[in-house]
Amino acid sequence: MLHSIGVIGLGVMGRNIALNMASRQEDVAVYNYTRDLTDDLMAHNEGLPVHPYYEVADFVQSLARPRKIFVMVTAGSAIDSVIESLIPHLETGDIIMDGGNSHFHDTERRFDQLQQHGIEYIGVGVSGGEVGARTGPAIMPGGTKEAYEQVAPILTKIAAQVNGDPCCVYIGPKGAGHFVKMVHNGIEYADMQLIAEAYSFLRVRLGLDVEEIADVFASWNEGELKSYLIEITADILRKKDDETGLPLIDVILDQAGQKGTGKWTSMQSIDNGIASSIITEALFARYLSAVKEERVAAATVLGGPEARETLDKDVWIERIRQALYMGKIAAYAQGFTQYRTSSELYDWNLRLEEIALIFRGGCIIRADFLNVISEAFAKDESLANLMLAPYFADKVQDYQTALRQVVAESSLSGLAAPCLSTSLTYYDSYRTANSNANILQAQRDYFGAHTYARTDREGTFHTEWQ
Ligand code: 6PG
């Protein structure tokens, strides 16, 4: 019997995707470049219909046509190698899906390359980590609608489900799926950094111990901040180190890693003139964290402010909660603005309402508040900025004082809060009807005759300033 789908790449994500498919009545062929991972999967295949192949040709021939091949290898040249190895064995109409975090420009290039061979290519954003891959991730497929229709029964089945709806919808042509996943990760960077800054304030400024902070996060997870990232942060803070008995968080080195998707989100926003400052600031916070030795040396040279008075814990815990929520609104506003603007630029027709809906389950940024985001775009598809939706406009009106207090107190205490303060700056900049950019225009015209526009009539003007 021919198998209904094949999975190539049996690292953590690939093997879990294969098991997920097999656990939902798919008959799955698997192949890995090296034999060890295939053997390991077969030793732990939970009795599911997973069939190992050790040659690409045999693997491809074992699949029902049109062949559906899900590739889950490290983004980059490994994908190109897999594609090269598959092309000689595939036929017109066969479908390759790339489930990794590929750059959307690479996906577009591969799409064009495979079109020449009559092979369909779907760039599939997959979010949810190891557990999500096995039990139900959020899935963001981009390619031709026709190819998507062929794989939709499988992808929607293996995706997370929220209220009976799969967290998988057709996103758009070519690289659109990987683009949506990329910006999801940018939002993820900002969300994580905002949480880290709330933690710092609670720990450093309010002097709460780790267990108390875990309780604060757990209680926040009962309310409007309810989300996967808040939930796991409470869990993380309760974990003890086996060796020392200390909270594990206290023995984890404060140098953040990254694999590039947050950087790509920032670079894309810069290239396309989109102010994604909170996302970019989260990236820079990781970069600064990485220069640990320099920071340790600087701490002995560069002084901070005098110690300040003790703060009322209950009052400030609520202020931090509100500040965090408002920071989140601003960060998601930037991410969704990037979706809207890029969709217009690339003519993708991204449906923001649906993107928010599929983010409700499976993915790393899943959160209750995505329901409200989806509703906001459902009510007004062309909403210029999430903060302008009536629900969020009211919310930021209510919470801005808390954000200002937390940012001001952080600043006066010498506590870095890059994403919280950038959220506030973004909010204040965005609501400024008359900005200081007239000064910039005048300066540009003064030193470079770059010209300026006037407020009172159409045209391009230059002044002889001296
Ligand atoms: C997800 C994650 C996933 C991965 C990131 C981590 O949605 O499942 O975003 O894709 O965890 O690549 O990214 P960094 O290593 O850059 O933090």
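Backbone N, Cα and C define each Cβ position, glycine as well.
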Annotated companion of Asn101, Ser127, Gly128, Gly129, His184, Asn185, Tyr189, Lys259, Arg444, His450 at the substrate site, TrEMBL, chosen from Arg67, Arg238, Arg286: Arg286
Those residues of the chain, 6+ apart, with a Cβ under 8 Å from that of Thr74 (NADP(+) binding site): Gly11, Gly100
Binding-site residues (Gly11, Arg286), the one with most neighbouring Cβ atoms at 10 Å: Arg286
Close-lying recorded positions around ligand 1 among Gly9, Met13, Thr74, Lys181, Glu188, Tyr189, where CB distance stays under 6 Å: Glu188
Maximum Cα-Cα separation in Å among residues Asn101, Ser127, Gly128, Gly129, His184, Asn185, Tyr189, Lys259, Arg286, Arg444, His450, which the record lists as binding substrate: 49
Around the Cβ of Met13 (NADP(+) binding site), the count of other Cβ atoms that are within 10 Å: 24
Candidate recorded positions Lys181, Glu188, His450, pick with smallest Cα gap to Asn32 (NADP(+) binding site): Lys181
